[in-house]
Amino acid sequence: MMPYYLALGMEGSANKLGVGIIRQPLGNLCENNRAEILSNVRNTYNAPPGQGFLPRDTARHHRNWILRLVQTALEEAHVNVSDLDCLCFTQGPGMGAPLQSVVVAARTLSQLWNIPLVGVNHCIGHIEMGREITGALNPVVLYVSGGNTQIIAYSRQRYRIFGETLDIAIGNCLDRFARTLHIPNDPSPGYNIEQLAKKGKHLVELPYTVKGMDISMSGILEYVDSLAHDLFSGKKSKNLYDEEDGKRITVEDLCFSLQENLFSMLVEITERAMAHVNSNQVLIVGGVGCNERLQEMMDTMAADRNGSIFATDERFCIDNGIMIAHAGLLGYRVGYRNDLQDTVCRQKFRTDEVFVKWRD
Amino acid sequence: MFDQSTLTYKLEFSIPFQNESQSTIARNSLSPDPILKPDELNVTFSSKANVLNILFEGSSDKVIRVAANNVIENLKTVIECIEVFDQH
């Protein structure tokens, strides 16, 4: 028997397709016994400016690339398929067609390689990878991406959702505003908004919609969209001029204001969750977690509470295969397996459905 | 409810593989996903020796066309995996 476990993970729940191979040493993972990333490759489907990615096109992209990515991941890791313990795949949540296009490859490969399949909850993948990379022991998790916005804390073998969006995800809100502005989707719409926001000078007042532990963003999007349309059509209404210096607001100002407004709402509910569970650590995961302004605002709040934030870089924040391999392998080690009949993907697969047997 | 008598449109594929193990793998990879509208469509996967049989029964030729396209797309993934990784 080898002194380690080895898993390949496949992720394709949205427009990123990722394959990663992870090696976990025997024994409990801790500071001196870390998992090792052998490869982590990704290919992203980007729609043209002004458009979002559609399920059909995204699934086609994934089908075109999945096998090439698996081959590249195996080559980079210098691993033989016969050494793999299991094959992990994203079982949800996410878009149906892209998820399904990947699971078909996962089923076929698991039979050809004669290794078990392990279905992974995408959110749990983010959380476990974030914990492993940052070493955060028991943080409040802020999971912010194109499809999800949740405040999560671990309690009695579940990742429990303390607060979440009541309508659209934060990344979806930013992506859709990027579409309104017709800015490119490459490398990601959120990244391009972040760059524009850095040049914003005027804070435009937007609706602030925290509802208890939850937040709502669709109304904010509608409002900022209408401001942008008025701006582009050359309207001269009062709310298109800054109250103090009377200057006309710009696209940069709108990006800046949207970010400040949305992130303030996140900071508020995250802080409340930290008070609830008595934690002073925040782990930020998901694609929007790359945003440096969000990290900065969260850090200021955490520092006030004598705590700190833990964030990862784009290799792990943005959807990837390695997190699926890692979380799947944690499950595999405590006995989780999926029979072929039990590998159907679910678009709605909630974080708190998973029994986290691998943690105390 | 499910009423077999309304599924009057039929289409059948018979796809030969190199051996029985491959046709079984293909069947196992394609069959788990449920049909979203069972009152409009029924798809049956079976394999015999090296041949994979797929039977579509639908309430119109349109639902069959959509389902058949999707199955062919998935089948391409399966075949690609077999081509690259089947040791036999």
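Note that Cβ sites are derived from N, Cα and C of the backbone, with glycine treated the same way.
If you check TrEMBL, you get these features:
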BINDING   A:His122, A:His126, A:Tyr143, A:Asp319  divalent metal cation binding site
BINDING   A:Tyr143, A:Val144, A:Ser145, A:Gly146, A:Gly147, A:Asp175, A:Gly190, A:Glu194, A:Asn291  substrate binding site
DOMAIN    A:37-325  domain 'Gcp-like'
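Overlay of TrEMBL feature records on the structure.
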{"residue": "A:His122", "record": "divalent metal cation binding site", "contacts (Cβ under 8 Å, 6+ apart)": "A:Glu11, A:Ser13, A:Thr90, A:Gly92, A:Pro93, A:Gly94, A:Asp319, A:Ile324, A:Phe349"}
{"residue": "A:His126", "record": "divalent metal cation binding site", "contacts (Cβ under 8 Å, 6+ apart)": "A:Tyr143, A:Ser145, A:Val285, A:Gly286, A:Met323"}
{"residue": "A:Gly147", "record": "substrate binding site", "contacts (Cβ under 8 Å, 6+ apart)": "A:Ser13, A:Ala14, A:Pro93, A:Gly94, A:Met95, A:Ala169, A:Gly171, A:Asn172"}
{"residue": "A:Gly190", "record": "substrate binding site", "contacts (Cβ under 8 Å, 6+ apart)": "A:Gly146, A:Gly171, A:Leu174, A:Asp175, A:Ala178, A:Gly287, A:Val288, A:Cys290, A:Asn291"}
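Apart from A:His122, A:His126, A:Tyr143, A:Asp319, the residues listed for divalent metal cation, the same chain places the Cβ atoms of A:Cys123, A:Gly125, A:Ile127, A:Ser145, A:Asn148, A:Val285, A:Gly286, A:Met323 within 8 Å of the centroid of those Cβ atoms. Under the three-state DSSP scheme, A:His126 (divalent metal cation binding site) falls in the helix class. Secondary structure at A:Ser145 (substrate binding site), as computed by DSSP, is coil. The average pLDDT for the domain 'Gcp-like' (A:37-325) in the predicted structure is 96. Secondary structure at A:Gly190 (substrate binding site), as computed by DSSP, is helix.
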